[in-house]
Amino acid sequence: DANVFVTLFGDFGVSPKVHLASKSRTAFEKNKTDVFRIKTYNVGALKKLRIEHDNTGMGTSWFLDRVVVTDMNRPHLRFYFACNNWLSREEADNLIVRDLLGSMNPMDVPKLNKYIVSVFTADMKGSGTDADVFLNIFGEHGDTGERRLDSGKDNFERGSEDKFTIEAPNLGRLKKITIGHNNRGSSAGWFLDKVMIDDMGNKEIYEFPVNRWFAMDEDDGKIQRDILVGSMQPMGIVYNVQVMTGDIRGAGTNSKIHMVMHGAKGIKNSGKVFLEGGAFERGLIDVFNVEICELISPLSRITIGHDNGAVGAGWYCEKVVIYCPFTGIEQTFPCGMWLDEDEGDGLIERELYEMVSLRQKKMKKYPWSLWIWTSDIKGAGTDAQVFLQIYGERGKSDEIKLENNSDNFEQGQIDKFVIEMPDIGKLLKLRIWHEKRNPFAGWHLAKVTLLKTLTMEKYSFECGRWLDINEDDNEIVRELPATGYRVTICTGTVSGSGTDASVFLNVIGDLGDTGERLMYMSKNNVNKFEKGNHDEFLIESVWLGQVRRVRVGHDGRGGGCGWFLDKVMVREEGQPESAAIEFPCNRWLDQNEDDGQIIRELVPAGEGLRLFNVSYHIAIQTGSVNGASSDSKVFVKLYGEKGDTDKVILAVSDNDLRNYFETARTDIFTLETFDIGKINRLLIGHTNEGLRAGWFLDSVQISVPVHGMQYMFPSHRWLCKDEADGRVEVEIYPSETMEIEKLNSYEVHVFTGTTWGAGTDANVYINVYGESGDTGERWLRKSNHLNKFEKGQDTLEIFQDIFDITAVDLGVLKKLRIRHDNSLASAGWFLDRVEIVDNKDDTTYFFPCKRWLAVDEDDGQLARELVPVDEAFMRKGDEDDEEDSEATLGLEQKAMSTTYTVRIKTGDKKYAGTDANVFMTLYGTKDDTGIITMKASKTHKNKFERGMIDEFTVEAVDIGPLKKLRIGHDNCGSAGWFLDWVEIDAQSLGQKLRFPCGRWLDKGEDDGAIVRDLFPNPLQTEFYTPFVPYEIKVFTSDVFAAGTDADVFIVLYGREAVCTQQKSLCVNKRERRMYFERGAEDMFIVELEDVGDVIEKIRIGHDNRGVNPGWHLDRVEIRRLLRKGKGSETTIFPCECWLAKSEDDGETVRELVPSDIITEKLSRDGSLKVTEVEVEDALETHTYNVSVMTGDTHGAGTDANVFLTIYGDLGDTGERKLSKSETNSNKFERGSVDKFTIEAVDLGQVFKIKIRHDNSMMSADWFLDQVEVFDADTEEVYLFLCERWLSKKREDRRIERVFYVKCLICQVIPYHITICTGMERDASTTSRAYVIIVGVNHTQTERLWLDLADERKGFEAGSLKSFETHGSDVGEIKKVELGHDGATPESCWLVEELSLAVPTKGVKYTFACKCWLAKDRGDGLTARVFNILDAEAISISQKVIYEVTVETGDVQGAGTDTQIYMSVFGANGSTEEMLLEKNEDRFERGQEDTFNMEIDDIAPLRKMRIRIDGSGSRPDWFLDKVNLSTEEVSVFTYEDWLSKTRGPKRNMICEMAAVVDEEVMVEITTYIVQVKTSDIAGAGTDANVWIIIFGENGDTGTLALKECNKSNKFERKQVDTFRFTDILSLGDLSKVRVWHDNSGMAPGWHLEHVDVKDEIMDKTFRFPCDRWLSKNGEDGQIMRELPCGNNDYLDLNEKTKYEICVTTGAEAETKENVWIILEGKKGRSKEMVMENSSKKKRFLSGNVDRFEFSSKNLGDLTAICPCYSDRDEFLTFECTKAIESFASKARSLVPVKYEIIIITGDEKGAGTDANVFITIYGSNGDSGRRQLRQKFRNLFEREQTDRFVLEMLDMGDLWRVRMEHDNSGLSPGWLLDRVEVTNTANGVTTIFICGKWLDKKKADGQIFRVLYPKY
């Protein structure tokens, strides 16, 4: 009962290892044959097969007779593999894996080859081993698999030779072996001398010299090696393997873990690799470097498993990540499953496949062999750690640490290492050093040799010197080949200049650098770096070319560690001092002085630093995980295209948080260094010092303002010796690179005057303005002086402070504003001038001032605006165009400025709100708004409270499109604020931008920032028609009481029904009183949607409120600016009538059309040109007569106010109140018709209406029968049949409805998407999700948004959401992108699984994602592209899209809101019941509803069944007919009621025959059913019996055997006759399903047979039974399927005829004959010739030719092999679709017992108490719904396997099963793992994976699932 696996080896490759049987099956019993279907890629003709088991379980020994493999696509290909041997650890040769050779002939027994292996153990101390030794031999034709070398005696002793015989298929020439041991036993270490292999079959002897230790504590610690034939040369290719153990209870293991890596197509593999030395504890990552002699990356898959050897052997493997430095490919193999014989499926070894979408390309590295020769002189050896760095023409390697195990670097010894380096071109130099300064660490190095193993390039570097602090020149660093540099370091003369810290220096030249060297031995001073010292040092290194820069720093240790460095001088040894290059510094290196940096890069005198150095701003976010913070020192190293930086310790942060790297904090550091170009990776780590050194690094963000780039490096991992993989440094690649604004740095020199008292101690602020913006106000804080802004020392020298400002590049500077805050005692300040140097192009600007900034001097101002003296800049803005006339500038000014509506959302978190003052700046591409204080919120008096949205209005003059905003607060009051997002609606630009934040602005949270820059999230940007300003002048007439105080509104209409929103002209009551007085002319400037060049009409009206609302309007004039040129256009709309309830026609809304248009245009000569045009073709006003008919039912009338909107293709009427009925004073009474007249501008073709009431007054409920709209001008009638309640109490409780004339549909294909959200914390999201489906050649659907019904809930943790979307058909799907629009840290989302079904293609893809879509989780992406290769693809039933038209009858009450179900029957099967969606307005009286449906491919259609379930408020439905159309149209006519209470038939189910091209597909008949009860004791039954009859045209539906010729039915030996009239004939019958309900006293029934007579065909079909239908009978079943007994059986051996129909392509004809061979499941035909003679020409282009051949019966055809002319090349084409005739199907219906195994999942609450039902669907029909029950057993409990046996008629191939339960019992929720169905007749098992909940409260709340087979 172990798990059995099989691997197939064929001509085209090797299949993966396939698991044959799960624990639940009783397979491999004595003398039993088991059949398995497996699916794998085509490996061609089979050569051999490897079969093995994992030795788990109780009785593991197994005697295997043979294996037979049949190719299911070409079943005549059958391979026989004889075994006739044990697979056992106890029996025979103890092997549990065998390679079997195959043959097509069952009698062949192919011979295996013999290999005799001799293993020589060396003759030295401790060389023998007690461990188990394993060997794998690799040859041209595969490998032997891993074999344990064991011969029963004590093997592998010191100095011995051991011989073993291995039998295996012939491997051809041998290439390599893998040999190793499992480290068991007390003395496991082994020194192997060599291995000899004698290949008996091919008469060859191979030698494998080894001569190395296999021991964890010797040499390189490996216990397994690859050895090539005859080679001493190491040729290792190293794979970096990370194995992650899951973070769940009991995940860890002490078993031995092994792995096999498989190359492309599985042809090459690594052999079994033991992963020794790993911890495999919960939540840890173990890292291994596996060295094998073969380059097989990228891998196709890996096998990982364990030996099940320890206590608690089970292991939960999360994933395996493998990185091959040679190809630079990192592959991720997710597992996320147990390897445990007691968990899940019981496997302890798994095949893992790569998740292609996670593949990363990294830098390639190449292998080098390195030999280090220690000199043979006394004391030459060292035990220090040795480091190495190599420089080449194209860069340098990283520092390489040479692991110094026990006895490397001993006197006179050669040590060998394998190292990896990127491609750095030809090697130039090498630096080698060690770190120990103690007396015994000295080392005398003779030479170093490097060999590139791929190209065999070889380099030797001679050294022959000491690395020792007491020998030679006391250096422990050597560079080969060497020159010397003399370095002089000059310490400043400022007080406290000297330092006792350790100083290091790096000299950087064109050809490389010296590395950081410790300045240890000063040549001229004992006490180094004292005030005023000039210390000289000698650095030996390779010649660096021109020296460009010096990097100098100290470690900040010791008491007086601050150091004032004057300069550094560098010259080559032997050069005069005058040739030295001087690097001035003249600054502090002190954490408490100047800018706090203790490392500086210096450039030669005379060159500006800024021309070289670039600032890298590094923001490091520590994770919010328990214990994430670190006390250790953190270092980074950046790698760029142009070079890499040094490793830099991050000592001084910018945002000055006291404690660095605290949990959930962000620390920001600035690294100033030379430009390394685009960053491609970074190294970050820590020194592992301090108490809590472990650190959880979340992410690193690097912004490089000078390049305008920002890089995001996600990490989200531990850097800790005790967590994950135990690494404390990690290399990260960027996940995204964004462009930010390029920054520039400005040097600001502030000169304080020499007047007495000129200096100030106040805080000084500056804002610099340029052509493209300003810097914002900056506090001048860090100067080159400690005491800033002091008065000049003497009259000659003016005191100068220097500040650096980094800002967006401002272009040419225009002005600056400088101020101070008057704080502290002597605040007055005399400012002489300010000079600003623009570092980009080294321009200097002078801003003279020479004035006081003081309260008591001069004019008392504390702020001054200064302009640069060179006036040329200032002249640009003056020659402006001449002004427009003053009066009309309102509109023009509005057009110049933009109004922004700003909405600010405070997060819904504890303490999220703030009382501080919030301010904001908007930045456009041209300018910014300056600081705006957010004072007046339109929505809340108390602003910025938790979870609220505050709205503000901001006006700004043209600042261009918004690109970012800065928001912050002043930190007063309870200031901490959690800002969720800011939304800015710019109507004049037609954009609504969302700026996500999702962070704290709080000194004590996150990174401590209280000002943040936010950027818009493009996915959440909404675009709409931009608004433009309109100037609206309203002229009230000069007649008595013409004025109004009502609220006047206006709507503008353009062409093609474009219109604006309804806009009230007055904002409040005060304005309403002021405006619209008698004879007044009121002007309003409003921003509304742009309706285009022509305003076709306007609608103006009022709400009839206020004291005297009646209004007499004279005219309206609307003016707007011209699109081209300067000027405007005014349109005049005359009205001259009342808008009043009491005057004229009582209307308060009017539609006006234009009469004149006046244009004013500015001409070239500056004068205004005015033209006036009369509007010719203004839209006519039409009169619409509306008749509203109220229904004639009880309570139908209403007293509420009714409102109507009519929509046409040219526009709509707007909402009109139906106030004055022309027919009745009391409107809308039961059964009455009310008529209304609506005047409106021409609507064109009317297509829908919207009608509602306001639910006011007592009896508001209204039953609306119909509405008729009559256009009096065109005399067209539009009829809307309603027949619905508008009521809060009835039907669906709606009081607003939309009715259509006919609905429209569009043609795309459906995609069904389900998304399963993970269960972890924060897994859920409320963001909007989307998918994009990508096909071949980059065709893709648009973004398909997956919108949830309940937006607020979003995707909750653990939920399963299903969506049906429609998108373009992209052909074969290649990738699927899943993403969401959330951009804040809050909107993280953990997607567990995504599945995509494409019904029209009959395929469903399931992606096991298990990944975060989040800015700050995983790899920081909110969208992920899944490769279709990562999906599990299963076939589902293929659907065809039909256009369905349903016509409801035109009789009273015909419409319905009940549930309607449709099933369709065709010649090729039938569909299940499908619900027809109501969609609010379908199935109403007289309506034709057209929609698309996915229906199984069963054409040609025969009949349709429609059923209603009688639910809803209007259960009755009058169905006219249904049309289904694809290419052909099938019509189904009924024309009657479906109802319990109406119509003659009074039934709720109907069947209709299909009519195609006027031909009826099935006719009506009468069935006479005769039931014969057997003549045995107790045969009769009192239960109710039902029957379904199945035939060619589907089934009859359920027929109750009720009305009979006998009163007492179903008695012993009795025949009962039942007549069923008016039934659609089924044609030939195949089976009946008969069952009873087990009611009554004695329900058990023994049925002899059933006869069914079809009166029209005059044919009787007999269905023999002769079985019990009884719960207590033979098998307890009370449902039986009976096959038809009249089907004559064919003799299958006779000959048969084949008709072959050949279609020739266009322009593809041939004159030759064509031969063809047919292949079937029972054999192959002989060659048959399809003749093509000159008399009878065949195969002409586009023709169809038919041939008939007779042949032996081949069974089901699987392929054809046609051949053209020369008869040697037969091509093979597989069969893609087989249509079986009905007669043949009916013949195959024989009763078969099916074993059904149900496995319940292993999670809390997985079991169910409900009743479970199964329905199985196969190629021969379905089983009916069967309950799964057993007596006296508690079924379906957690992790339980339940077996059932059901007898059914042979289902053929199983297509799907439907599992459901009835939700009864206490805990009905059920987690179904999978279902396995075995046909016991042929032994074929079909596995249906589920793994989902059937639970009303979990996942998607469904309690049924349709499952498709795994294979």
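Glycine too: its Cβ is placed from the backbone N, Cα and C atoms.
Unlike curated entries, TrEMBL annotations are predicted automatically.
Annotated in TrEMBL:
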DOMAIN    1-101  domain 'PLAT'
DOMAIN    113-228  domain 'PLAT'
DOMAIN    237-353  domain 'PLAT'
DOMAIN    366-481  domain 'PLAT'
DOMAIN    483-603  domain 'PLAT'
DOMAIN    614-733  domain 'PLAT'
DOMAIN    744-867  domain 'PLAT'
DOMAIN    898-1015  domain 'PLAT'
DOMAIN    1182-1300  domain 'PLAT'
DOMAIN    1440-1552  domain 'PLAT'
DOMAIN    1565-1683  domain 'PLAT'
DOMAIN    1792-1908  domain 'PLAT'
The domain 'PLAT' (898-1015) [mean pLDDT, rounded to integer]: 87
Range from 113-228, 1182-1300, 1565-1683 with most C-beta pairs under 8 A to the domain 'PLAT' (237-353): 113-228
DSSP-derived helix, strand and coil totals, residue by residue, for the domain 'PLAT' (1565-1683): 0 helix, 64 strand, 55 coil
Region pair the domain 'PLAT' (614-733) / the domain 'PLAT' (366-481), three or more CB pairs under 8 Å: yes
Residue distribution over DSSP helix, strand and coil in the domain 'PLAT' (1792-1908): 0 helix, 63 strand, 54 coil
Number of helical, extended and coil residues in the domain 'PLAT' (1440-1552), per DSSP: 0 helix, 61 strand, 52 coil
Cβ pairs under 8 Å between the domain 'PLAT' (1-101) and the domain 'PLAT' (483-603), at least three: no
Residues in the domain 'PLAT' (113-228) grouped by DSSP into helix, strand and remaining coil: 0 helix, 63 strand, 53 coil
Secondary structure content, the domain 'PLAT' (614-733) (per DSSP, counts of residues): 0 helix, 63 strand, 57 coil
Summary of DSSP states over the domain 'PLAT' (237-353), given as helix, strand and coil counts: 3 helix, 58 strand, 56 coil
